[in-house]
Amino acid sequence: METRKIIHVDMDAFYASVEQRDFPEYKGKPLIVGGPPNSRSVVSAASYEARKFGVRSAMPCSKAAQLAPQAIFVFPRFEVYKEVSKQIREIFLEYTDLVEMLSLDEGYLDVTFNKKNIPFAVTIAKEIRTEIFKRTELTASAGVGNSKFISKLASEKNKPNGLTVVLPDDVISFIDPLPVSSFHGVGKVTARKMKELGIYTGKDLRTKSIDELVQHFGKMGIYYYKISRGEDERMVQSSRERKSLGAESTFDRDKLDYDDLLKQLKDVAVVVERRLEKKDFAGKTLTLKIKFYDFSLKTRSKTLSEPIFKADELYSTAIELFEEFFEIKYGKKSAIKAIRLLGISLSHPNSENEDPNLFLNL
């Protein structure tokens, strides 16, 4: 069987780099794409100059301003980013039709059998990065491997403007020293739980039996067992139509307080808005997901007359669904039982089956 050749291409600080390209006065300066510095908006992107101060995507703009008071704040220009993204996708399609765009600034390519009959994936990755820079004046990082999991990890290895190749025989030695927090599917809460079990690196994860991992992480334990061995059979899906998108947040401590939970819900709505904008997605059906301290799960949905995508619309709709889970206790509004997770998703009204990756950890 032919060994798969998968490339993951990820643009470097995409939104910020487009702004620095179009406005030369921003070059070499800490630049933050998002809302005003004194707002509750979140950072959509930060230039590498801003990242040196600790500024990261999804961080509140107010916090970013504290970390980098000299930073320049600009509003995102999504129409411009979408046009550049189309240019990038056109380059990908010159090599293969098996292109899966994850967002405006990154995607997978399966080049096992490619249009130019180039035998080496690394050659294609080099050509793509060169062509992207030639046509857009932007840099991209790329990873080459035999699976989606490996190629994505590889693309993150030498950012910005880097290329990392992981040969099939080197997969285990590549995975072993990496922190599990860098693995797709391992969020902050899971990483913390893994550390409690003595799992810090890929090698630590690989020493655990499948039974141990299932005991502690449920069905995801099987996934963790496989990826620690470099096993990932997911195909590059060129025709995938996104039907839903959302985000969820797991709390360090279970929460009862109404006002505190509303703040958490607002934060989730802001992150969902950012992801919707990045994916150019809107939907009519909002689903609220609540997990209680005893791991019981409740979901409630509402279908609207028009598609929505803004945080305030998501938040106000979610609150309507949220109310039934509260009661007045001792003159104070509290959850009917302690809540450990909140999630919001948006989908098309004809989406019959939820995407298992719908709720991405914050």
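From the backbone N, Cα and C atoms, a Cβ is placed for every residue, glycine too.
Keep in mind that this is a model prediction, so the values were computed, not measured.
Quick look at what Swiss-Prot annotates:
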type     : residues  : note
ACT_SITE : E106      : active site
BINDING  : D10, D105 : Mg(2+) binding site
DOMAIN   : 6-187     : domain 'UmuC'
SITE     : Y15       : site 'Substrate discrimination'
Please give me the CB contact count at 10 A for E106 (active site), counting all chains in the structure. 19
Taking the Cβ of D105 (Mg(2+) binding site) as the centre, how many other Cβ atoms fall within a 10 Å radius? 23
For D105 (Mg(2+) binding site): DSSP state (helix, strand, coil): coil
